[in-house]
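Listed in TrEMBL for this protein:
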type: DOMAIN; residues: 3-147; note: domain 'Aspartate/ornithine carbamoyltransferase carbamoyl-P binding'
type: BINDING; residues: 56, 57, 58, 59, 83, 107, 134, 135, 136, 137, 266, 267, 294; note: carbamoyl phosphate binding site
type: DOMAIN; residues: 153-304; note: domain 'Aspartate/ornithine carbamoyltransferase Asp/Orn-binding'
type: BINDING; residues: 165, 225, 229, 230; note: L-ornithine binding site
Ligand code: CP
Ligand code: NVA
């Protein structure tokens, strides 16, 4: 069995195999009803716990649907309603859940909740987003890029805005899949140095460029995310908007990138804030393919976790 905790903690060959597997199962579902079961049922007779300590649309629905397509059943749990939110330790919760379910997906705040869950669980644990990273999202994004444009190796990805959890997993992916990443945003919101260092050590160019127009020159992929994440305090909203306003992705900015550049956003998006509707709904946007590919990428991640 394997946990799927982060992109930089997963072997590069395994990551590539997950993307390849996702394409195979996605192709095999072509033209079938969404609720149809897959031909192979690797989760038959298995129960998967989906724990959410933060809101979710895509992660919740895509994991739930994915498990069912693979023959399994899910139990969606809110952290607040569990004893987890009322003082029971993560270690004890992990040990107890492992007696009932075959796999755990958790979306939480503090990364140590995830790592402690993985340490004490005897079943695979999957990271469904923490304050620090969002690896399932970026596996879907790599799948999406490669479906549209071929191998992502050697490409230039530009991250605009806050160096947040989704940005961190993109930086991890740069190191593991061999692409370069330029971060453009205010210095106060730079990505974590530790993550930047890891990707550079793996041979990727990670550039910090404050000039947003210069940053997107020659980009193959431009990415944005919300300016206020779920773990950020609402009281910081105005300050963040003031810092980030000049990093909005709009048509004028996209015109600086390569003509065939793609635009991605993990969603949910705030239209006319981090990105304009003209870009979100425009010909370069692949945001809904990304959302769909959460399903296919995560099914392959769950297979990897089961070792099947
Ligand atoms: N992109 C993403 O993780 O969306 P949700 O918060 O809706 O799960
Ligand atoms: N950075 C965002 C991503 C949401 C999927 C957040 O953490 O709220």
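Cβ coordinates are placed from backbone N, Cα and C, and glycine is handled just like the others.
All annotation found in TrEMBL is predicted automatically rather than curated by experts.
Projection of TrEMBL feature records onto the structure.
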residue	record	Cβ neighbours (10 Å)
56	carbamoyl phosphate binding site	18
58	carbamoyl phosphate binding site	19
83	carbamoyl phosphate binding site	11
134	carbamoyl phosphate binding site	28
136	carbamoyl phosphate binding site	26
225	L-ornithine binding site	26
229	L-ornithine binding site	16
230	L-ornithine binding site	15
266	carbamoyl phosphate binding site	26
294	carbamoyl phosphate binding site	25
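Taken in sequence order, the binding-site residues 56, 58, 83, 136, 294 that lie near ligand 2, meaning a CB under 6 Å from one of its atoms, form an empty set. Residue 266 (carbamoyl phosphate binding site) sits 7 Å from residue 225 (L-ornithine binding site), counting Cα to Cα. Here the candidates are the binding-site residues 58, 83, 134, 294. The one whose C-alpha lies nearest to that of residue 229 (L-ornithine binding site) is 134.
When DSSP labels each residue, the domain 'Aspartate/ornithine carbamoyltransferase carbamoyl-P binding' (3-147) comes out as 73 helix, 21 strand, 51 coil, counted as helix, strand and coil in that order.
Checking the binding-site residues 56, 165, 225, 230 against ligand 1, the ones with a C-beta less than 6 Å from an atom of that molecule are 56. Calculated from their C-alpha atoms, the gap between residue 134 (carbamoyl phosphate binding site) and residue 165 (L-ornithine binding site) amounts to 6 Å.
Residue 165 (L-ornithine binding site) has a Cβ environment of 23 other Cβ atoms inside 10 Å. Comparing residue 225 (L-ornithine binding site) with residue 58 (carbamoyl phosphate binding site), their Cα atoms are 15 Å apart once rounded. Taken over all pairs of the listed carbamoyl phosphate-binding residues (56, 57, 58, 59, 83, 107, 134, 135, 136, 137, 266, 267, 294), the Cα spread reaches a maximum of 31 Å, rounded to the nearest whole number.
Put simply, residue 136 (carbamoyl phosphate binding site) is 12 Å from residue 165 (L-ornithine binding site) when counted between their Cα atoms. According to DSSP, residue 294 (carbamoyl phosphate binding site) sits within a helical segment. According to its DSSP assignment, residue 229 (L-ornithine binding site) is coil. Rounded to a whole number, the C-alpha distance linking residue 230 (L-ornithine binding site) with residue 56 (carbamoyl phosphate binding site) is 10 angstrom. Those same-chain residues not listed among 165, 225, 229, 230 yet with C-beta within 8 angstroms of the centroid of the L-ornithine site C-beta atoms are 129, 131, 134, 162, 164, 166, 226, 231, 232. Averaged across the domain 'Aspartate/ornithine carbamoyltransferase carbamoyl-P binding' (3-147), the predicted model reaches a pLDDT of 97.
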